[in-house]
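Peer 1: Sharing a structure below in structure tokens format, with a few things to ask.
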């Protein structure tokens, strides 16, 4: 007696009351709606599963120096071809507002002859201070200045910081890559004015990589020295932006995925039940009308 009373009390809390099968009536419309309902739920489930597995990249802006462990330095990678200037004349000069003035930088640099020695490709990796300054490719470090230096060039690469190769992240990490000035005035100087933007990429594991994007504006002009000679150069004048761009990898939390799946199943069944009930009620009412007309 006590066991039966306990079972009765427990079953009283059942909010999912069961209807005997012989009191239900299957219909073709209900079957069609059920099949459509299952297909629709499967489609939404697969869409949510794809979104849950995929990694989302969120970007944000803030004011800070992200790479405080760099010692106030930025690594630079430069690759430029001057097809009409001999390698003995090509040099890299670096100067900035901290007093650095280096003429003919040769560390971690390489010169490759082009056009049977008449041209040169300069490849170099060096560091600059995080203050406004410039570096330029010129003939200033040559022992003897040429009469007509030809500064027409192609920039293959100019990048700052660590190289980022991340899918779905499109940025101006090599904005000058492919710049072609072969049709320019041979004696003209070129000014590339760069605004460097610190960039941080953080993966799902929390590991951060530091790089730099940049915007560029350029002008071309003929410059004369104090002796009246034309000494062209390729100038890269840079300044740093106080704004940092941060890309963060994120994945949808599992609880949100489960919540969405429950909402899909419950919502689909509810809407499908309402539609089926409306159609069944309308069908029964129409049958009664037809029977009334016949009688």
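Counting starts with 1 at the first residue shown.
Cβ coordinates come from backbone N, Cα and C, glycine included.
As listed in TrEMBL for this protein:
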DOMAIN    13-102  domain 'Endoplasmic reticulum vesicle transporter N-terminal'
DOMAIN    110-276  domain 'Endoplasmic reticulum vesicle transporter C-terminal'
TRANSMEM  27-46  transmembrane segment
TRANSMEM  254-275  transmembrane segment
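Burial and contacts for the listed features, if you can.
Peer 2: Packing against the transmembrane segment (27-46) from elsewhere in the chain are residues 261, 264-265, 268-269, 272, 275-276, 279-280, 283: each is 6 or more residues past its ends and has a CB under 8 Å from a CB in it.
Tertiary proximity for the transmembrane segment (254-275) is limited to same-chain residues at least six positions away from its ends with a CB under 8 Å from its CB atoms, namely 33-34, 36-37, 40-41, 44-45, 48-49, 52.
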Peer 1: Please count the residues of the domain 'Endoplasmic reticulum vesicle transporter N-terminal' (13-102) that DSSP assigns to helix (H, G, I), strand (E, B) and coil.
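Peer 2: The counts are 35 helix, 26 strand, 29 coil.
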